[in-house]
Amino acid sequence: MKAILLVLLCTFAATNADTLCIGYHANNSTDTVDTVLEKNVTVTHSVNLLEDRHNGKLCKLGGIAPLHLGKCNIAGRLLGNPECELLLTVSSWSYIVETSKSDNGTCYPGDFINYEELREQLSSVSSFERFEIFPKTSSWPNHETNRGVTAACPYAGANSFYRNLIWLVKKENSYPKLSKSYVNNKGKEVLVLWGIHHPPTSTDQQSLYQNADAYVFVGSSKYNRKFKPEIAARPKVRGQAGRMSYYWTLIEPGDTITFEATGNLVVPRYAFAMNRGSGSGIIIWDAPVHDCNTKCQTPKGAINTSLPFQNIHPVTIGECPKYVKSTKLRMATGLRNVPSIQSRGLFGAIAGFIEGGWTGMIDGWYGYHHQNEQGSGYAADQRSTQNAIDGITNKVNSVIEKMNTQFTAVGKEFNHLEKRIENLNKKVDDGFLDIWTYNAELLVLLENERTLDFHDSNVKNLYEKVRSQLRNNAKEIGNGCFEFYHKCDDTCMESVKNGTYDYPKYSEESKLNREEIDGVKLESTRIYQILAIYSTVASSLVLLVSLGAISFWMCSNGSLQCRICI
């Protein structure tokens, strides 16, 4: 009876002791992140680094409308196809839009030499000045400038020709040698285009140019080429058996371009002084331009985001996130989200000893739960929480700043003869893309691992801070909790939390209570030992008596014979 009373006394004393627990925040978040060692770790807070949403529209870029070519393409716009006349007045744009129906290009059949390279050049041009490089009325007095029209380039039901070129033919059965130069005084690159006509027969050659053995020479400091017309019978295209070859070059500021010819020259009338801009580009999409504004445009739609990565489209124009193949890039900022009713699973408790977080602590990441005669409650440790928030915020901002080098990525142009180069280029681009995706994913995995370890370390440091103050004035009872050997009111609890706990003040009370509890435990242990001895002896006597009774019964009925020899 005495033992039972002592045990009850010990239990009663333990139940009414004041306690202080170290813990961490938990909430109802379902955000998951990946680390180097784990996948789909639920965390209290995280930030998404990957943009996967767009508006599905073509928008203005930085408030500037794009140049929508409609049924025209780049060639038609630059040569001045009569069907593209409405586009001639547009001098600036944010980017260029072609459609799958942009068929109005070279109306007179022929080849546009290095057309893909010209498109690539224009992908970095945001505006140009269209100016008359060789005035029509004064530049060619000895040649006919109005007869060079064709049914292949109709306008308003009549034969016409490109608005930016002049098809020179003979005048009064004479085509004297021409020589004309232009000096670039625009202070910027000037794009100049011209053409060479290839008649189908010698008769056509003489009818148009009089000279049977004509030539064309075009030269500048960087471009020098002599052309000879290729007279040959060809199948008709757009009603024409002849062909034209279209050429272009860029004239640097201060440079001179010279045209010399005895026939077959389609001379430039207008040229283009170009202003380059890194945010321009060419998009092929059938959508119209909407009344919206964006900083980043893709062929799938506009992106308005400050995130460093996107997985929408590799071709972008404007201030755009980097394209990666990833489907998820989420960076942890908070702790592992493990409410106390759940198990931590394979990797155990946070900080190695606390089994669950507190949903009741909402004003910080780390903190305390106390219980004493005045009540109980949660309180966040503001200093450690704020230090952690500042550190993680700076880290996230640094990662985003380093990775958020916004740029324009345009598709590269290749013609059908350069298919092998195009395929090789795609392989190289895919290789770089794979490497960039791997680097981005690895960065996030490593930073998530460091963040979660950082939180674990902060909780453990907070626990050690409390333990170093309390020393033997309290005992560790597991799961991050301390049980005081003395009464600890709210003022006492607050002193522990803010690091001003007065250990000597409570040492004597703690010593007495500790010795009393230890004495109760010792007395209880001795009584249990005596009871165990008595129980063992009694059990042995009962066993011996039982064996004797069985033996006597068996001897009496003959089942067991006993012989005593002397």
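Here the Cβ of each residue, glycine as well, is placed from N, Cα and C on the backbone.
Residues annotated as signal peptide in Swiss-Prot: 1-17.
As annotated by Swiss-Prot, topological domain 'Extracellular' applies to 18-529, with the evidence given as sequence analysis.
Look at Swiss-Prot and you will find Asn27 (among others) tagged as N-linked glycosylation site, backed by sequence analysis. For Asn27 (N-linked glycosylation site), other Cβ atoms within 10 Å of its Cβ number 18.
Among the features that Swiss-Prot reports, N-linked glycosylation site is placed at Asn28 (among others). Within 10 Å of the Cβ of Asn28 (N-linked glycosylation site) there are 8 other Cβ atoms, across all protein chains.
Asn40 (N-linked glycosylation site) falls outside any helix or strand according to DSSP and counts as coil. Neighbours of Asn40 (N-linked glycosylation site), defined as other CB atoms within 10 A of its CB across all chains, total 9. If you look up Swiss-Prot, you'll see Asn40 (among others) marked as N-linked glycosylation site, on the strength of sequence analysis.
Every protein chain considered, the tally of other Cβ atoms within 10 Å of the Cβ of Cys292 (disulfide bond) stands at 13. Residues annotated as disulfide bond in Swiss-Prot, with sequence analysis given as evidence: Cys59-Cys292 (among others).
Among the features that Swiss-Prot reports, disulfide bond is placed at Cys72-Cys84 (among others). Listed in sequence order, Leu69, Cys72, Gly76, Arg77, Asn104 are the same-chain residues at least 6 apart in sequence whose CB falls under 8 Å from the CB of Cys84 (disulfide bond).
All chains included, 20 other C-beta atoms sit within 10 angstroms of the C-beta of Asn104 (N-linked glycosylation site). In the three-state DSSP scheme, Asn104 (N-linked glycosylation site) is classed as strand. Per Swiss-Prot, N-linked glycosylation site is recorded for Asn104 (among others).
Per Swiss-Prot, the feature disulfide bond maps to Cys107-Cys153 (among others). Sequence-distant neighbours of Cys107 (disulfide bond): residues of the same chain at least 6 apart with a C-beta under 8 Å from its C-beta are Gly76, Asn81, Pro82, Glu83, Thr150, Ala152, Cys153, Tyr162, Arg238.
According to Swiss-Prot, the disulfide bond annotation covers Cys296-Cys320 (among others). Taken residue by residue with DSSP, Cys320 (disulfide bond) is part of a strand. Over all protein chains present, the Cβ of Cys320 (disulfide bond) has 24 other Cβ atoms lying within 10 Å.
Using a 10 Å Cβ-Cβ cutoff, Asn304 (N-linked glycosylation site) registers 14 neighbours. Residues or ranges marked as N-linked glycosylation site in Swiss-Prot (evidence: sequence analysis): Asn304 (among others).
The disulfide bond annotation in Swiss-Prot covers Cys488-Cys492 (among others). Annotation for Cys492 (disulfide bond): same-chain Cβ neighbours under 8 Å, separated by at least 6 residues, are Tyr501, Tyr506.
Per Swiss-Prot, the feature N-linked glycosylation site maps to Asn498 (among others); the stated evidence is sequence analysis. The Cβ of Asn498 (N-linked glycosylation site) has 11 other Cβ atoms within 10 Å, all protein chains considered. In this structure, Asn498 (N-linked glycosylation site) is part of a helix by DSSP.
According to Swiss-Prot, the transmembrane segment annotation covers 530-550, on the basis of sequence analysis.
Annotation comment: Swiss-Prot describes 551-566 as topological domain 'Cytoplasmic', evidence class sequence analysis.
For Cys555 (among others), the entry in Swiss-Prot reads S-palmitoyl cysteine.
Here the candidates are the recorded positions Asn40, Cys59, Asn304, Cys488, and by Cα distance the one nearest Cys296 (disulfide bond) turns out to be Asn304.
Annotated pair Cys488 (disulfide bond) and Asn498 (N-linked glycosylation site), C-alpha to C-alpha distance, rounded: 14 Å.
Candidate recorded positions: Asn27, Asn28, Cys59. Nearest to Asn498 (N-linked glycosylation site) by Cα distance: Asn27. For the pair Cys292 (disulfide bond) and Asn27 (N-linked glycosylation site), the C-alpha distance works out to 39 angstrom. Taking Asn27, Asn28, Cys59 as the recorded positions under consideration, the smallest Cα distance to Asn304 (N-linked glycosylation site) is found for Cys59. Around Cys59 (disulfide bond), the C-beta neighbours below 8 angstroms that are at least 6 residues distant in the chain are Val289, His290, Cys292, Asn293, Thr294, Gln297, Ala302.
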